[in-house]
Amino acid sequence: MNEAAQTLDGWYSLHLLYNVDWSSLRLLESEEVNKMVTELQSFLERQEEVHQKNEGSYSFYNITGQKADLILWMLRPTIDELNTLELEFNKLAISDFLIPSYSYVSVIELSNYLAKDSDEDPYQNEHVRKRLYPEVPKSRYICFYPMDKRREGNDNWYMLDMEKRRELMYSHGMIGRGYAGKVRQFITGSVGLDEYEWGVTLFSDDMIQFKKLIYEMRFDEVSARYGEFGDFFVGVNLPAEELPAFFM
Ligand code: 76R
């Protein structure tokens with residue numbers, strides 16, 4: 001049997017995407033919309049408090065295009081907390097005007113392809129902890145998509161030996177590192193949790209950097225030969241204070 005990659009698993013992750021039911025929303029008095037927006041703002045303020053205490057993190061963006069209008073990404077130590085938060089969100093008045101369009105369940109994952117040998121417990125390593133329990137940035141733009149590694153005929157990632165996968169991931173990582181300071185990347189693993197094997201969530205203050213990074217990777221063997229992709233969702237940061245203008 002082939003050697004499985006070892007993973008370090010951090011916070012659980014829930015991506016929730018919604019379309020706004022604009023035509024129903026338009027029928028409401030502005031006072032009613034105001035009330036709902038205030039309630040949503042206080043939900044987001046609670047997310048911000050948890051984020052500040054580093055007990056979890058979140059982001060809230062306005063998705064471009066018709067696949068969705070909003071993405072709420074939440075990270076927490078347990079799936080139970082995410083379940084409770086999802087329920088809390090569903091019970092907000094504004095949720096009556098939000099149509100679920102996509103969701104993704106996964107967990108922040110670091111693999112051992114490029115890890116250095118060490119006797120130290122990685123879960124105690126400061127640098128590793130920062131990546132397992134990350135502070136999600138409030139960059140201007142987000143890009144989220146789920147993906148698989150191909151398992152077809154001669155192109156079966158899972159049949160490659162560890163050494164070969166390590167070599168390929170090294171090349172992948174080097175491309176990624178070329179975008180240090182321009183794109184922040186979060187890889188969440190979802191084998192056994194959701195439809196694809198990973199969620200990729202990227203942040204940048206320059207939308208074109210997503211295209212440049214993903215395009216460059218597409219020519220690298222890991223993506224060219226083994227990458228399979230779900231839908232891509234991109235959007236613009238939606239701070240709580242901009243919600244009244246967004247909904248009215
Ligand atoms: O430097 C390190 O220690 C991490 C090296 C690294 C790993 C192990 C790394 C670096 N990635 C890793 C794992 Mn990645 N990544 C993607 C995508 O669109 C595509 O073609 C692929 C989607 C992007 C854009 C991206 C970006 N990466 C993975 C895995 C798990 C693989 C497995 O376990 O088999 C996936 C699915 C994946 C996909 N990657 C980087 C980046 C970037 C920007 C980096 C550099 C990060 C940094 O140095 O800060």
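Each residue, glycine too, has its Cβ placed from N, Cα and C.
Taken from TrEMBL, the feature Fe-coproporphyrin III binding site covers ARG131, TYR145, PRO146, MET147, ASP148, LYS149, HIS172, GLN185, SER223. The number of other Cβ atoms within 10 Å of the Cβ belonging to ASP148 (Fe-coproporphyrin III binding site), over all protein chains shown, comes to 17. In the three-state DSSP scheme, ASP148 (Fe-coproporphyrin III binding site) is classed as strand.
According to TrEMBL, the feature active site maps to TYR145. Note on TYR145 (active site): other Cβ atoms within 10 Å of its Cβ, all shown chains, come to 19.
Largest Cα to Cα distance within the recorded Fe-coproporphyrin III binders ARG131, TYR145, PRO146, MET147, ASP148, LYS149, HIS172, GLN185, SER223: about 23 Å as a whole number. Close to ligand 1, meaning a Cβ under 6 Å from one of its atoms, are these of the recorded positions ARG131, TYR145, PRO146, ASP148, SER223: SER223.
In this structure, ARG131 (Fe-coproporphyrin III binding site) is part of a helix by DSSP. When the neighbouring Cβ atoms lying within 10 Å are counted for each of the binding-site residues (ARG131, HIS172), the highest count belongs to HIS172.
Each residue contributes its Cα atom, and for HIS172 (Fe-coproporphyrin III binding site) and TYR145 (active site) these two points are 17 Å apart.
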